Amino acid sequence: MRLFSIPPPTLLAGFLAVLIGYASSAAIIWQAAIVAGATTAQISGWMTALGLAMGVSTLTLTLWYRVPVLTAWSTPGAALLVTGLQGLTLNEAIGVFIVTNALIVLCGITGLFARLMRIIPHSLAAAMLAGILLRFGLQAFASLDGQFTLCGSMLLVWLATKAVAPRYAVIAAMIIGIVIVIAQGDVVTTDVVFKPVLPTYITPDFSFAHSLSVALPLFLVTMASQNAPGIAAMKAAGYSAPVSPLIVFTGLLALVFSPFGVYSVGIAAITAAICQSPEAHPDKDQRWLAAAVAGIFYLLAGLFGSAITGMMAALPVSWIQMLAGLALLSTIGGSLYQALHNERERDAAVVAFLVTASGLTLVGIGSAFWGLIAGGVCYVVLNLIADRNRY
């Protein structure tokens with residue numbers, strides 16, 4: 001794979017996937033680390049370890065299967081840790097990470113998760129993905145309210161470029177946005193320090209009570225809110241890869257990196273959609289290049305873990321929101337079409353879409369999981385009724 005031979009839109013898709021992933025949740029990771037009692041140096045080490053783990057897993061799986069397999073930390077899992085790690089020592093937190101990732105590996109080895117994912121209808125997977133991504137589209141246009149000049153200009157340039165050179169529309173929007181941000185003086189880079197940071201090994205401390213109260217919920221949240229949507233998103237995009245090996249590999253890698261602060265590495269859904277979209281590459285079989293590029297950017301982000309938070313703080317939130325919305329627009333539209341195309345499955349797909357988009361959280365598990373459950377129940381009930389009426 002030669003970077004110079006990869007089309008610019010494909011390079012941009014890989015870059016945006018990493019940028020949006022970090023921008024949307026890096027702060028939550030830092031907050032969870034602070035709750036665990038980590039020092040600034042240790043937190044930087046966590047970010048380094050996470051970047052390296054995601055980079056290695058993304059590159060390995062993508063190059064091996066030649067499909068866009070993007071991995072990511074579990075944002076819902078990080079949010080759970082913000083409250084779950086309160087009262088625990090840093091060593092106990094590391095013990096929780098190890099138990100969680102060991103459970104993920106066990107789940108992958110048994111094949112239970114793969115069998116579950118095979119029975120999910122394509123329309124429900126697409127509806128869930130559309131529900132996950134909807135907020136990014138809404139945030140993009142809501143950002144016009146506070147930053148009309150910046151976001152309005154990005155939108156107009158995107159529209160004009162989309163009409164004449166569709167593959168370069170997001171690039172053009174990003175460039176004009178950067179120009180306006182610099183012109184307005186909205187970039188503050190004083191906190192950005194580009195210096196490689198080595199991860200710090202932390203001795204784990206295991207507790208049965210903490211395994212039940214924190215590790216088990218973290219395992220469930222990671223599988224239900226990260227891996228399930230990630231596999232379903234890949235399925236909705238028309239890609240197939242053996243589920244169990246994906247889960248086992250990411251779980252094992254996270255297990256190895258756990259003593260350095262990696263609490264989980266799962267299959268990405270939101271950011272993966274950028275690499276799986278037509279904007280990444282018109283040829284569906286070449287979109288794996290975008291994920292491979294994302295893997296390289298993950299590694300770079302890992303090498304400079306201490307600079308990540310400063311970089312995210314330097315960019316206006318509205319710029320990131322508009323860029324994310326524009327990059328995901330085609331994927332949202334395509335997912336909605338796939339979800340609603342089959343009239344017999346339409347009602348169940350709408351339920352899955354709305355529950356997922358609602359942001360519902362029950363027993364610490366996010367709306368993507370409950371969207372699949374609600375849509376699945378509707379699918380089974382409505383199809384049973386339809387079959388009974390037919391006979």
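The backbone N, Cα and C atoms fix where each Cβ goes, and this holds for glycine too.
As annotated by Swiss-Prot, topological domain 'Cytoplasmic' applies to 1-9 (among others).
Sequence-distant contacts of the topological domain 'Periplasmic' (31-42), counting only residues of its own chain at least 6 positions beyond either end whose CB sits under 8 Å from a CB of the stretch, comprise 78-79, 81-83, 85-86, 88-90, 93, 197, 200, 202, 261, 263. Summarising the annotation, Swiss-Prot assigns topological domain 'Periplasmic' to 31-42 (among others) and lists sequence analysis as the type of evidence.
Same-chain residues lying 6 or more positions outside the topological domain 'Cytoplasmic' (64-93) and placing a CB less than 8 Å from one of its CB atoms are 17, 21, 24-25, 28-29, 31-32, 35-38, 42, 50, 53-54, 57-58, 202-205, 207, 210, 213-214, 217-218, 221-222, 225-226, 230, 234, 237, 239-241, 246, 250, 262-268, 271-272, 275-276, 280, 285, 287-288, 290-291, 294, 364-366. As annotated by Swiss-Prot, topological domain 'Cytoplasmic' applies to 64-93 (among others).
According to Swiss-Prot, the feature topological domain 'Periplasmic' maps to 115-123 (among others), an assignment based on sequence analysis. For the topological domain 'Periplasmic' (115-123), the model's pLDDT averages out at 77.
Beyond the ends of the topological domain 'Cytoplasmic' (145-167), by six or more residues, the same chain brings 7, 9, 173-174, 176-177, 180-181, 184, 186, 279, 282, 316, 318-319, 321-323, 326 to within a C-beta distance below 8 angstroms of the stretch. The topological domain 'Cytoplasmic' annotation in Swiss-Prot covers 145-167 (among others) and is backed by sequence analysis.
Per Swiss-Prot, topological domain 'Periplasmic' is recorded for 189-200 (among others), and the stated evidence type is sequence analysis.
Residue counts for the topological domain 'Cytoplasmic' (222-246) under DSSP, helix first, then strand, then coil, are 19 helix, 0 strand, 6 coil. Positions annotated as topological domain 'Cytoplasmic' by Swiss-Prot, on the basis of sequence analysis: 222-246 (among others).
Per Swiss-Prot, topological domain 'Periplasmic' is recorded for 268-287 (among others). Same-chain residues lying 6+ beyond the ends of the topological domain 'Periplasmic' (268-287) with a Cβ under 8 Å from its Cβ atoms: 7, 9-10, 13-14, 16-18, 20-21, 24, 66, 68-72, 129, 132-133, 136, 166-167, 169-170, 226, 229-230, 232-234, 237-239, 294, 327-328, 330-331, 334, 368.
Across the topological domain 'Periplasmic' (333-361), DSSP classifies residues as 24 helix, 0 strand, 5 coil. According to Swiss-Prot, the feature topological domain 'Periplasmic' maps to 333-361 (among others), an assignment based on sequence analysis.
Here Swiss-Prot flags 383-391 (among others) as topological domain 'Cytoplasmic'.
Counting only same-chain residues 6+ beyond the ends of the transmembrane segment (10-30), those with a CB under 8 A from a CB of the stretch are 3, 43, 46-47, 50, 70, 72-73, 75, 78-79, 82, 170-171, 174, 268, 270-272, 274-275, 277, 279-281, 286-287, 289-298, 301, 308-309, 311-312, 315, 320, 323-324, 327. Residues or ranges marked as transmembrane segment in Swiss-Prot: 10-30 (among others).
What Swiss-Prot records for 43-63 (among others) is transmembrane segment, and it gives sequence analysis as the kind of evidence.
The transmembrane segment feature in Swiss-Prot is assigned to 94-114 (among others).
The annotation transmembrane segment is assigned in Swiss-Prot to 124-144 (among others). Long-range Cβ contacts of the transmembrane segment (124-144) within its own chain (Cβ-Cβ under 8 Å, at least 6 residues beyond either end) map to 151-152, 155, 229, 232-233, 235-236, 269-270, 273, 317-318, 321-322, 324-326, 328-329, 331-332, 335-336, 338-340, 345, 348-350, 352-359, 367-368, 371-372, 375-376, 379.
Taken from Swiss-Prot, the feature transmembrane segment covers 168-188 (among others), and the record attributes it to sequence analysis.
According to Swiss-Prot, the transmembrane segment annotation covers 201-221 (among others).
At the 8 Å Cβ threshold, with sequence separation of at least 6, the transmembrane segment (94-114) comes into contact with the transmembrane segment (247-267) through 3 or more pairs. Scored on C-beta pairs under 8 angstroms, the neighbour of the transmembrane segment (312-332) with the top count among 43-63, 168-188, 201-221, 362-382 is 168-188.
Break the topological domain 'Periplasmic' (31-42) down by DSSP state and the numbers are 8 helix, 0 strand, 4 coil.
Long-range Cβ contacts of the transmembrane segment (288-308) within its own chain (Cβ-Cβ under 8 Å, at least 6 residues beyond either end) map to 1, 3, 6, 10-11, 13-15, 17-19, 22, 26, 44-59, 62-63, 65-70, 192-197, 271-272, 274-276, 280-281. DSSP assignment over the topological domain 'Cytoplasmic' (64-93) gives 16 helix, 2 strand, 12 coil.
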